[in-house]
Amino acid sequence: MGDSLWRYYFGVLVIACKVNLSRALILDSIYWNTTNTKFVPGQGLVLYPQIGDKMDIVCPRVEGGSMEGVEYYKLYMVPLEQLKSCQVTKADTPLLNCVKPDQDVKFTLKFQEFSPNLWGLEFFRGKDYYIISTSNGTMEGLDNQEGGVCKTKSMKIIMKVGQNPSDPISPKDYPTSYPPKHPDLGGKDSKSNEVLKPDASPHGEDKGDGNKSSSVIGSEVALFACIASASVIVIIIIIMLVFLLLKYRRRHRKHSPQHATTLSLSTLATPKRGGSGGNNNGSEPSDIIIPLRTADSVFCPHYEKVSGDYGHPVYIVQEMPPQSPANIYYKV
């Protein structure tokens, strides 16, 4: 009964986890070079990954061993302010180094809320994450900290985790007003900020909030089912272990030898006194009554075995010094 119940709950746990993981997708790989047409001028590449999805950012290999068309980049994950200005700092750690043109180098992004790795990336629903490169594609400009292909080629990735394309842009992350355009800027700044323009439709906002809340509720239900199933399985395992432990202890007690305390005899072999002579000539040993007394703290582990294996009980008599006449009894 317990074994079948354990299998049932284990099956429920596996099914719940499969339902939760079936939503995970492997997104198309992003090739980081200037020939990739997915980078929209003035906007970059906007993605909508969900929790559990995976995506590779690939530094493509140059075919034929030719050095023509070789591009060198360093990719960084930056906050919104650095995305707008296309800047990085010395404290920023590169996410990916594209410095080996003779082989494919890639970095896999796994969109998970909790990472088992101490240095792993963690993503949260409803938040935006940004990847840019301030390198200009050459080895000399590999360590540039400003501009680069982020500004000239709009090579930047905006990842809206756990969101939908119909969701509005959050006003807390993006400004609601913009400075006027200046003709001397040539429209570069305005183009680079096109992705930052908010959607002003109130109906779209309500729809986006509804989709977002429904997806969050669904994922929470699946997670709760996994946790509940795992908890039930752990409880069943604990109960089974306790039951087996009690059963083992009962068997151990049943097979262990049972010891009993023994009784020792305190004997006083005093002759029966006559009326005049005071001797015991002619008296029989059966006329002497020997009192029995339980000896304190006396333990004989062989007593039960002797009395059970050899017929009549055998008593172990302890020799004691003569005692006072008060302990002597006479047969009348």
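Yeah, the Cβs are placed from backbone N, Cα and C, and that goes for glycine too.
Sequence annotations record features per position, and here Swiss-Prot assigns compositional bias 'Basic and acidic residues' to 181-210.
If you look up Swiss-Prot, you'll see Cys59-Cys98 (among others) marked as disulfide bond. Annotation note: Cys59 (disulfide bond) sits in a strand segment as assigned by DSSP. Around the Cβ of Cys59 (disulfide bond), the number of neighbouring Cβ atoms within 10 Å comes to 22.
Summarising the annotation, Swiss-Prot assigns disulfide bond to Cys86-Cys150 (among others). The secondary structure of Cys86 (disulfide bond), as reduced to three states from DSSP, is coil rather than helix or strand.
Per Swiss-Prot, domain 'Ephrin RBD' is recorded for 25-161. Shown for the domain 'Ephrin RBD' (25-161): DSSP residue counts in helix, strand and coil, namely 13 helix, 43 strand, 81 coil.
The feature N-linked glycosylation site is assigned by Swiss-Prot to Asn20 (among others).
According to Swiss-Prot, the feature N-linked glycosylation site maps to Asn33 (among others). Under 8 Å, Cβ to Cβ, and six or more positions away along its own chain, Asn33 (N-linked glycosylation site) finds Cys59, Pro60, Glu71.
For Asn136 (N-linked glycosylation site), the same-chain residues that are 6 or more apart in sequence and have a Cβ closer than 8 Å to its Cβ are Asn144, Gly147, Gly148, Val149, Thr152. Annotated N-linked glycosylation site per Swiss-Prot: Asn136 (among others), in sequence order.
The annotation N-linked glycosylation site is assigned in Swiss-Prot to Asn211 (among others) on the grounds of sequence analysis.
The region 'Disordered' feature in Swiss-Prot is assigned to 162-212 (among others).
Look at Swiss-Prot and you will find 255-285 (among others) tagged as region 'Disordered'.
Here Swiss-Prot flags 1-24 as signal peptide.
The annotation topological domain 'Extracellular' is assigned in Swiss-Prot to 25-225.
The topological domain 'Cytoplasmic' feature in Swiss-Prot is assigned to 247-332.
The transmembrane segment annotation in Swiss-Prot covers 226-246.
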Protein Cβ atoms within 10 Å of Cys150 (disulfide bond), excluding its own: 28
C-beta crowding around Cys98 (disulfide bond), within 10 angstroms: 25
